[in-house]
Structure formats: C-alpha cells, structure tokens
Amino acid sequence: MAASATTMLLKYPTTVCGIPNSSANNSTDPSNNIVQIPQTTTTNSPLLKFRTPNKPVNAVAAPAFPSVTTTTTTTPSSIQSLVKDFDPLVPAEDALTPPSSWYTEPAFYAHELDRIFYKGWQVAGYSDQVKEANQYFTGTLGNVEYLVCRDGEGKVHAFHNVCTHRASILACGSGKKSCFVCPYHGWVYGMNGSLTKASKATPEQSLNPDELGLVPLKVAVWGPFILISLDRSSREVGDVGSEWLGSCAEDVKAHAFDPNLQFINRSEFPIESNWKIFSDNYLDSSYHVPYAHKYYATELDFDTYQTDMVGNVTIQRVAGTSNNGFNRLGTQAFYAFAYPNFAVERYGPWMTTMHIVPLGPRKCKLVVDYYIEKSKLDDKDYIEKGIAINDNVQKEDVVLCESVQKGLETPAYRSGRYVMPIEKGIHHFHCWLHQVLK
C-alpha cells in the first residue's frame, strides 16, 4: 500500500506514462527544435513535407474498441455464464452478490473493458489542464493510451496516443508544446492530430498524410470535466451531461460547476484489488465507516444518511457534525458516484473527485483531486489538515479492499448476501453491471 505525498500543489501534477521521454518535463519543448515546414517542397528534399497542421485531419477510422489480449482460454459463452451467475430479478433482500469470479477472472475483466469502459463517456481529465492553447495531458484507459490537447484555435482534441508509423507512445505526462514529435523516428503531428512531417521519407513514396494522422477519440468538455469515448458508432456529441449522468446531471452540475473552486492537490493510491471492490466499498452508505474509519465516523450524523439511485448514478447525502472540533464537512456532504468509477464530492468549502482507474483484474489505482473555495486558499493549516484526514480515510479503504481481494481468491467464498436497506446502492450497481455486461 502506498500513497503520494499530500504537499499542496497549485497545478495538476505531471505524470509519466509509456517510455521515458524528456518531453515529460514541461520546461523542455523538443518541438522548438523542429524546422518550420515550408509551403512548397523540392524533389531532392530528405523530408516529406505535408500541408499545414491547421487544416482538418481525416485520420484513419479507429475500431469500435481496441482488442484486449488475455492469457485465459475462457470462451464468450462461459463469460456469459459468469454474468448470469448474478440474477438482478431476485429481490435484494434474498439475492446473492455476484460471484468471486467477477473480481478475479482475467477474461471477465477483458469483457468489462469491452462492454463498460470502451463504451459511453469516461472522465479523462479536467478542462483546467488544457486551459491554454497547446497544453496537453496523457492518460490510460484499459489498454488504451490517450492524449488530450487544445490547438491554436482553442479546440480541444483527443487522440490515441500512438504514432501511426511504428506504434510508439507519442507523448508522455503533460505540458505545453507546439507539436508532437515521436521519440522513435521523429514524425511530427500538429495539435489537431494531422501528420506534418515524416522524417527521411521521400515524395516518391506517396505517403498520404490524411491517412496517417493520429487516430481521434470522441471528446467533450462538460464544466470542469473532459470526457472521452471510444464508441465509434457516432461522432456526434450531444447533451454530454445527460448522456453521462442521466437525470442526475443537473444535481451534479449544481455542485461541481463552481468558478469559485481552485484545484490544490492530487493524491494517488495504488490498490492490489479489482476496481469493483473499491466501487462496492464506496456505495455501502457508510456501513463500514464506524468500524473502519474511527475519525471520519465522528464527522457524520448517521441518522441523516440518505441514499438515492437513479440510472447509472448513486447519490449519498449526510449531515456533517462539529463533534471533533474541526468542521471539514460543513452542514451537509454530497457524494455522487457515476458508474462505473467516478465520484464527485462536495462538503464544506471542498470539492473532491475520486477516479478509480482499472489496471487489471486484481489491480487498480485511486486518484483523488482536491479543490477548495478560493476564500480558503490562504488557510494552509486548514487545507493540510483536511487533505491529511481524507487521505487517511483512503489509506484505510485500501487496506480493506486488498483484504477483500485476498478473501475472494480463497476457496472459502463464492457469493455473499446484501444487508438491506443500507446496501441498496451496491445492489443497484451490481444490477447495472449485469445489464451492460449481458
């Protein structure tokens, strides 16, 4: 179990992905060393020069979703058999929880990536990360490496972060640059994904830049959130909030769309457990809190706890207390969990988001981003104490989740039972999973 330091940050941290690359350092821009591409070409040029990058790119169409390779021999029919091992029609009071294989089987995890994470909207990052032209950040979703950037015209783009020449990861971390230069063979892409230079290629090869641009992803900005979708069935972007959160969109918007909030810190927690274990833990209406989180329990008025489920969202509300002498939660805490793996929390002067990143059938990562009202920015002691309290809660949850994973791996356990009504949020989540996985 490990967690990042909680030193206060005033910008989103740089995270390195893929191969080592000096471009992860925001102070160094290798694109500054690229000669500007002229509008005309000569037949003896060692470079194949393409049109200017501000023109639209017609990149190669991406597959409906990337393939996922596993080492299991489980067949599609056996996967569906595992899905059917949970029956959503049985009343929660009598129902068995999903079998342990949902949390341990590599092929089931691959099926989840296919049916859940490669369909619909997934949070990729935050609009403040690309607030300025030429800013970018990278990330991973399953076996998909993605890149989000803002071009010189102010438009936000998302692409598969893979060079179309030899499949090298193109960019790492986050930062600001005028173009993307592949670290392998020096191919250059504009901020709109167009290929602008293929080093050492000759005009006689007839390489078509319109077929070699970065493969685009569907992208949308909704308030502070940037969302991506790998679903190629439609390139149209409609009402993103409603598509993502359904009828709960307005409730979440009322809490999250606040220009008075300032990002201050990110904490990351690697977890040796299936991603759903943390989701289950989050959705138990604080059933576990009095037993596992002694300090956090003193902050909640459990008699006021309310849990509501609509569509793919569970919203939990609870009144805060000042019994411990430090009022972190204010009068009421609001916790919205958007299935499958993202939470928006508002309490007191704080907003936190919690992103559960699946990394394998038995591994995930929790990313917690902290925001605070600007009037509190000068209160360093309050900020540091608030972050420390919440980080400690997450560390305690990591221990619980890893313990559950170990138990699920044993022959002693196959399925459990729900305690109702306090675990109705978990049951609702499991029914949603069954619906999208069948």
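Heads up, the Cβ atoms here are built off N, Cα and C, so glycines get one too.
Per Swiss-Prot, the features are as follows:
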- 1-58: transit peptide (TRANSIT)
- 121-228: domain 'Rieske' (DOMAIN)
- Cys163, His165, Cys182, His185: [2Fe-2S] cluster binding site (BINDING)
- His288, His293: Fe cation binding site (BINDING)
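Within 8 Å of the Cβ centroid of the [2Fe-2S] cluster site, not counting the listed residues Cys163, His165, Cys182, His185, the chain contributes Thr164, Arg166, Ser168, Leu170, Tyr184, Gly186, Trp187.
Note on His293 (Fe cation binding site): other Cβ atoms within 10 Å of its Cβ, all shown chains, come to 20.
With a 10 A radius on its CB, His185 ([2Fe-2S] cluster binding site) counts 14 other CB atoms from all the protein chains. In sequence order, Asn281, Leu400 are the residues of the chain that are 6 or more apart from His288 (Fe cation binding site) and have a CB within less than 8 Å of its CB. DSSP places the residues of the domain 'Rieske' (121-228) in helix, strand and coil in these numbers: 10 helix, 47 strand, 51 coil. Over the domain 'Rieske' (121-228) the predicted model carries a mean pLDDT of 96.
Straight-line distance linking the Cα atoms of Cys163 ([2Fe-2S] cluster binding site) and His293 (Fe cation binding site), rounded to a whole number, equals 46 Å.
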